[in-house]
Structure formats: structure tokens, C-alpha cells
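Asker: Below you will find the structure I want to go over with you.
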Amino acid sequence: MSLMLEPNPTQIKEERIYAEMGLTDEEFAMIEKILGRLPNYTETGLFSVMWSEHCSYKNSKPVLRKFPTTGERVLQGPGEGAGIVDIGDNQAVVFKMESHNHPSAIEPYQGAATGVGGIIRDIFSMGARPVALLNSLRFGELQSPRVKYLFEEVVAGIAGYGNCIGIPTVGGEVQFDPCYEGNPLVNAMCVGLIHHEDIKKGQAHGAGNTVMYVGASTGRDGIHGATFASEELSESSEAKRPAVQVGDPFMEKLLIEACLELIQSDALVGIQDMGAAGLTSSSAEMASKAGMGIEMYLDDVPQRETGMTPYEMMLSESQERMLIVVKKGREQEVVELFEKYGLAAVAMGKVTEDKMLRLFHKGEMVAEVPADALAEEAPIYHKPSKEAAYFREFQEMKMKTPKVDNYKETLLALLQQPTIASKEWVYDQYDYQVRTSTVVTPGSDAAVVRVRGTEKALAITTDCNSRYIYLDPETGGKIAVAEAARNIVCSGGEPLAITDCLNFGNPEKPEIFWQIEKSVDGMSEACRTLQTPVIGGNVSMYNERSGEAVYPTPTVGMVGLVHDLKHVTTQEFKQAGDLIYVMGETKAEFGGSELQKMMYGKIFGQSPSIDLEVEAKRQKQLLEAIQAGLVQSAHDVAEGGLAVAIAESAIGAKGLGATVKLAGEATAALFAESQSRFVVTVKREQQEAFEKVVEAIQVGEVTNTNEVTIHNEENEVLLTANVDEMRKAWKGAIPCLLK
């Protein structure tokens, strides 16, 4: 029980207690001006979380405004729990990606698990049924015992939550680089389906309507989680372990069903997840978005610990809780609905007209703050930006092609690089078939999930090559979006829209802010050219350990529409005799490549270049060919270059190989990472029809020899590799490193 006396308003100011909560002197002065008096301890807490970068985006808003956020299919853009895109037939797809990086660095199992739980709540709070989960993970090198521990625990946490709740984890990506050693990135994405008339908003309309708290009880976990996520990790972060929340997937499963049932009733006015900043953000945001106020009686909050103060209740980030507004007089039916699922639903306040958030506890008013001041009026900072010193140096480097002596050994070594190697060790822990809608399981370019009751499906992917973005943030930003779209197209989908998770270092450092600005410029341009608007996302700053920032990692989560299940395409070769085509030119581009990192132990120079108009044209041609039934397999050429893409297409097949002839200098032809390229196979009898639609070069054919042989133009053999040997190297790499 906490008997600690809270400091009074004068002490808060004189002893600068607000600074410990993350507020600056200027911000505290603004609060004093807004209120016309000094704030008390609880009110200072409300402002400190709502004005943190994590909740207010005060450092990133000017940059985020550059994203294109509208389109003919967009039903809901940024600003609600998740974005929504129309997919026809009165149906829509709802999706969002969020980070849980800081909690996962401290307490990896619960950090990752509650990241999954939180993103699921964002989806069903919109009225949608969650149908798929994905993730994008970054770790240091697996040789480090600490990294092994983080990797194993994060994957176990994602699996533990997703498997228990019964939503399939259908895809994702995992990359390894030394810069993530002390600060892993854990980005979780959830996708849901909804009928247009069921869309709900997090808005508290109707004065006199009742504010209800539903779900799990409130404890002291996660207090100041939003503030913790707005500072750099350090040795003292370990002491902040209590700030990591604990998840209960079985409770959340019940919460999903109860909320989706409630959404079908006309008693519900508005609903929002209690995520970052818990009760504070949900109440202030719902009131502010509706232009209303809210009064809450905190004695009625279900509490699982004794003696909790208003400050603790308002700032707790306990999991599996929602705030709802219901029509006055309908409270009892809501209570009964939740009781049926064994969940609490408690009336704890009402909507008012005066735009104030008022909190009462033990008969006294303990806070009175304008809702807009918390939700909308955080100061916006235009941070200084300065080109990173390394950028000019990398741009001026004369790039040489790495010297490779043995092409086969190099290919086998690349297949064992953890970023390229099979992630089966990861996804075998996930239930990716639950609910039986998964058409394409993890391991191909994109996951594909059918839309029940139709012939349609969703193609879903997460992508980001942060090495390219480090070398050249603007070009790398373009590539991140383009690669996501490439993966969707290779799976037979038409790219619809993206959600993003912008993971960066400390924005107060001008060179980091420059990375943020430039990568968003690149992403925005790619989104416009490829017609994939940004419908929501998340910003995670301060990803640094001991002053070293992670690579700039703006992860892209993209959803595409497969108009007919018969268009679904995968990367593995299908039958001997099929012709192999390469779309796109190969240049000697090795900056940020797997080959460069493997040979030199670091990355440098220029990232691969990209022409977005060319990218868009190629994607359109390939999608047309797939929809016309002319394509057997399609795979985008990414890390490791053409040799790896061809190897992966053979590894995924059974008993098939390939014989291929590549033009140009051998090392570049095999391993360069030029953009906008695809490996496509076509039935011989469809050669003419395919070549009418698609500009591509035929480079060889699929064989039944179980070997991949690659020749140069003079017909000299560059490499011959047995497919079983390649599969063993590729599949065994990560388990071997974990021993």
C-alpha cells in the first residue's frame, strides 16, 4: 500500500518534479498558463504522458504530415485506432503496426507478448474481427549470448500470446545487425476484416451518456510506459522493469468476442483501447475527438492492488482494458453482456458538454484539465536537422566490386547469413493455420489469407532494409515501400495501402532527425507513385543504447488485394521445363548488401538506386501477367541478389533445379542487389503470351536435376550447387547459431 505523500503544486514547480516525469521547463510553463494555476501531482502526470513523444508525436508530427493519407479506397486514415481500406462487396480491411521496442529490451517475453495484445485491441476497437498477425523484428548478431536470449524470448512471447488468442501469425521478417544489440526492435502488425456499417470510432458523443470501463482490472504495471518509450535505454533501464506490462491472452480472447458482440448492439456510442497512457489517453482522446468532456469517478475503477492513487490509476498501462461510451439507460444490458464472458463492465463516469476532463476520488475532485489540452495541444517541435557526416563520405566513395574466388561457396555462405537464412525456427513456433484461412504460409514473399465467403484474399507483408536507409535515407525509404509492394505483387495481390512503424534514434540529435526527414520523403514519394497511401502507424524514437542509435528502420506493413484466389502465386519453382525469366537490369550495386557485410564485416558506400516509375511499370506488368494466368512462380530479388533468389525458388520446390545463363560481370550478376527485379517462371506454351505483356529476359529453365547451375555468357559454369546442400545450409543456419 502506498502511503507516500504526493508533492503539492508548489513543490512540483520548485523542486522541478515535472522534469523527472519528462516535461521541460517550457512545457510546464505552458501547462500553468493553460490551467491558469499550478497543476497538482495527478494533473502533472496526465500532461507528462499525453505530451510524451510516444503519445503526442510532438517531434515527428511536422514530418508525418508529408505522408499521402487519402485514396479512393481509404475509409479511415491516421487518427483512429487503425486505418481502414475498402475491398469491395461492403467489406473493408483494417490494419495497423506498432512498436514495443523498449519493453522488449528489458523484459523480452512480456514486452513482445503485450505488443501483440495491444495491436490486436487497436483492430477490434474499430469493430473489426482480427484475422492475421505479422511482425518485423531486429536483433544484434546471434553470436552474442544476450542477443540469443532476447531473440528466443521475443519469439516465445509473440507465439505465446498469438497462439493462445487464436489469431494466426502468418508472416513477418527478422534481420540481424550489430546496431540492434542493446536495443532490439519488435514491431507487431494486426489485420482485421469488417463490414462497412460496423465501423466504430473512439469518440465520446452525447452529453449525459455513460462512460464504462470494461475488461481486466487495473494494477501498477506499465505506469509511465509511454514516457519510458520516449527516452534512450541505459543501464538504469533495467531498474524500470516494473514499467513492462503483463499480458493475458485468454482474457483478451474473451474481450474480443464481447466487444464484437457489443458493436452489433445500438447501445454503443464509442470505444477505444486503453493502450499507451491507459485511462488518460483513452478518456482525453475520446472526449477531444468528439468535442466533448468526460467526468470519471475513480473509486469505481476495478483495481487489483490496494491503495492505488488517482495518479497510478490514470497512468497504469495494465493490459486487456477498453473504455466505452454507451447510451444513457443501457448500462445494465452492457454489464450483462460482459458478465456472460466473465468480464467486468463498470459505469464510472459520463460525457459532459464543457470539454473538460474531470476526475473524482473519495468524494473530491482530483483533476480538472481541458481534454483538448491533453489530446491535441501538446507543443509541436521543429527539430534542427543536419545531414549526417557519413553520408557525404559514402556518396563520394568509388565503389569496387567485392572480389569473389569461389561462387558456389559464396552462395552457400550467403544462404547461411541469418538475415537470408530460413526463419522456420521462428515461425514453427507460431500457429499460422488457426481459423483455417491461411492460403500462403510463412516463408514466401507475402502471406495470403482468404476473405471468407468470397473468392478474394488479402496479401500481407512487412519490409524494411535498414542498411540501405542508413547509407541513403531517402533512397532507402523509397526501396522499403517498393519492396513491400513487390512482395504483394509476387503473391498475386494489388497493393492497397501501408501502415508504418518509424523506428529511429534520438530525434534531438540533428543527424538522426535528418534520417527521419529524408526517409519519410522517400517513403512518401514511393507511396504516391505506387498509389499506396499511409493509413496509420506508429513512431518509436530514442532507440539507442549508450548513445549508439540503431539503423534508421521505418518498417512498412502493406496489405494487397488478391481479386481471385486463382491468382495466388508463390516463389518456388513449379515444374521442370518451365522457362525462367528475369525482369529488370542488374548493376554492380553492393552498398549495404549481404555480400558486402559478409566480406567486410560492415556496410559502406551508396545504396542501390531506384527509379520509382520503372518500379511501378514492372509491378503493373507482372500483376497483369499473373492475373492472366501466365505465371507459374514469382519471387522478388532482394538480399543476396539473383543467385539467392534462384536458390530460394529451388529450395522451396521438391526435386527441381535450374540451369541459368547470366550476362555481365559474374559477381554482380550473381550477388548485386539492384532494385526492381523479379525471377519469374512461365510454362513453355505461354512464352509468347507472357512476352507480349512483360518486358523480361529469358535466362534459363527449371530442370528435374535437383541442382542449380549458373553459366556466364561464354557458357562457362560459374557455379553448380546441389539443392539439398543449399537447403541444408539455409535451413540449418539459425538453429546452429542458437546452440
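Even glycines carry a Cβ here, placed using N, Cα and C.
Relevant sequence annotations retrieved from Swiss-Prot are reproduced here:
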ACT_SITE  His54  active site
BINDING   Tyr57, Lys96, Asp500, Gly537  ATP binding site
BINDING   Glu98, Asn538  Mg(2+) 1 binding site
BINDING   Ser99, His100, Asn101, His102, Arg121, Gln245, Glu317, Ser318, Gln319, Ser540  substrate binding site
ACT_SITE  His100  active site, proton acceptor
BINDING   Asp122, Asp273  Mg(2+) 2 binding site
Asker: Cα within 10 Å of Ser99 (substrate binding site): which of the binding-site residues Tyr57, Asp122, Asp273, Asn538 qualify?
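Answerer: The binding-site residues close to Ser99 (substrate binding site) (Cα within 10 Å), listed in sequence order, are Asn538.
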Asker: Which has the fewest other CB atoms in a 10 Å radius around its CB: Asp122, Glu317, the listed binding-site residues?
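Answerer: Taking Asp122, Glu317 as the binding-site residues, the minimal 10 Å Cβ count falls on Asp122.
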Asker: Closest of the recorded positions to Gly537 (ATP binding site), Cα to Cα, picking from His100, Asp273, Gln319?
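Answerer: Of the recorded positions His100, Asp273, Gln319, His100 has its Cα closest to that of Gly537 (ATP binding site).
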Asker: Other residues with Cβ within 8 Å of the Cβ centroid of Tyr57, Lys96, Asp500, Gly537 at the ATP site?
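Answerer: These residues sit around the ATP site: Leu64, Pro78, Met97, Glu98, Thr499, Cys501, Leu502, Val534, Gly536, Asn538, Val539.
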Asker: Could you state the CA-to-CA distance between His54 (active site) and Asp273 (Mg(2+) 2 binding site) to the nearest Å?
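Answerer: Asp273 (Mg(2+) 2 binding site) has its Cα 16 Å from the Cα of His54 (active site).
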Asker: Considering Cα atoms only, can you say which of Asn101, Gln319, Asn538 is the nearest neighbour of Tyr57 (ATP binding site) among these binding-site residues?
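Answerer: Minimum Cα distance from Tyr57 (ATP binding site) across Asn101, Gln319, Asn538 lands on Asn538.
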Asker: Using Cβ-Cβ distances, find the residues under 8 Å from the residue listed as 'active site, proton acceptor' that belong to the same chain and are at least 6 apart in sequence, listing them in sequence order.
Answerer: Gly111, Ala112, Thr114, Gly115, Gly118, Val186, Asn187, Ala188
Asker: So if I draw a 10 Å sphere around the Cβ of Lys96 (ATP binding site), how many other Cβ atoms end up inside it?
Answerer: 29
Asker: In sequence order, which same-chain residues at least six apart have a C-beta under 8 angstroms from Glu98 (Mg(2+) 1 binding site)?
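Answerer: In sequence order, Gly115, Gly118, Ile119, Asp122, Asn187, Ala188, Met189, Cys501, Asn538 meet the Cβ cut-off.
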